[in-house]
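Undergrad: One structure coming up, written as structure tokens, with questions to follow.
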Amino acid sequence: MDAASGSAMTLNVQKPQDPAGLTIEAWAEGYMCGSLIIMACVAFSNMRPRILLHKLIVVELILGTFHGTFIFTNPPVYNWYLSVTAIFLNCSWSLHNVIAWMKNKPFLSKRGSWLYIGTVVLVQPYWILEIVANFLYFSDTSRLFTKTRPYEALFRDPWWIFTACSLFYNIKSRYEFGFLELIRVSPRFGVLLASMLVSICFLIVDVLAVTHALPSSGLPDGINPFWKLAYVFRCLTDMIILDDFKTALDRLSTVKMERMGSVLSDGIRGDFSDVEQARRKKLEQQQNRPRDSAIRDYGKPRNSECLDLEAALHMEDRHDSGKPEQSEELDFITALNMDDLSEPSGSRLSGGGG
């Protein structure tokens, strides 16, 4: 797939022979194949049954692994094996755009959604031409591949770049948290956003290398590992969060509102970390609060959290009355269950019983 890297390339369909080219190509393929296998296993372990999006992500990752193995073959198997595995790779690229559409679809209007997926379908004839050109090139039949290869990024990545920009825009405009706050609370989203940026950076370098905009890349002729790096980080964005972006962001937003609601009575507002700290402090205060002996069931073990019916009803009546606790008289049944009463309380109980 990499033996042709620009319009000025020479027809070279042989397996890299020089140590530098062989080492770089083997490293890039091993990096891509190993990364995709690990991501496929993680995605498979976390996927939920009957969720089509999750299944498509696993298929996308598996399809890409085959093109990371042709370095182990030798001519003439090398030539046709490379071209065959390139078919699965191209399918994985197209499937990635479908997955990106499914993840971004909740943020799109109906017309925008149809335009997105419609243009993905319209560019598929190019990939058919690319597959044919690849076979012809690596069978020493035609140089057509040297003409089609520079346009790969144009027919592969605009949807992905749009999806990344759309996610950044919607986080900024639709939700009440900033990027740093989101990353601090959900490191997984931090990995997602960072992977998008890294993938786009490698994509730019790939385009510059293919079009010979970089006069001296330092790489052997025909060896281009940049698209493999971009591809791995692009797949990572699919695997790190299996659900669509809006569902994941809405869950985080709901958690934030619930945590804020639990401490609004304390007059505490702020970002996730402030709310979480206040919530923990309030929980500790509740745990350290002394037990009310008037509502405790002393017939049960001290660690029991259950109340007897009489004590529970008495507690409910107390809250309904709205009077201070010290001004209420205890009924005789509850008083019998109390131990270690203080002297003033004992006098008050004696008066109530008489």
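Using N, Cα and C of the backbone, Cβ positions are placed for all residues, glycine too.
TrEMBL annotations: computationally assigned, not manually curated.
The compositional bias 'Basic and acidic residues' annotation in TrEMBL covers 289-301, 315-326. TrEMBL lists 282-301, 315-354 with the feature region 'Disordered'. If you look up TrEMBL, you'll see 26-45, 52-72, 78-102, 114-138, 158-177, 189-210 marked as transmembrane segment.
Give me the lay of the land around each of these features.
TA: Below 8 angstroms of C-beta separation, residues 1, 15, 22, 25-26, 29-30, 32-34, 36-37, 39-40, 43-44, 46, 78, 81-82, 85-86, 88-89, 91-92, 95-96, 98-99, 102-103, 228, 231, 235, 238-239, 242-244 of the same chain, each at least six residues beyond the ends of the transmembrane segment (52-72), sit close to that stretch.
Among residues of the same chain six or more beyond the transmembrane segment (78-102), those with a C-beta under 8 A of the stretch's C-beta atoms are 1, 13, 15, 53, 56-57, 59-61, 63-64, 66-67, 69-70, 113, 116-117, 120, 124, 127, 130-131, 134-135, 138-139, 156, 159-160, 163, 231, 234-235, 238, 244.
With a cut-off of 8 Å between Cβ atoms, the residues of this chain six or more beyond the transmembrane segment (158-177) that come close are 96-97, 100-101, 103-104, 107-108, 116, 119-120, 185, 193, 196-197, 199-200, 203, 234, 245-246, 249, 252-253, 256, 271-272.
Packing against the transmembrane segment (189-210) from elsewhere in the chain are residues 5-6, 149-150, 152-153, 157, 160-161, 164, 167-168, 179, 182-183, 217, 219, 224, 226-227, 229-231, 233-234, 236-237, 240-241, 248, 252: each is 6 or more residues past its ends and has a CB under 8 Å from a CB in it.
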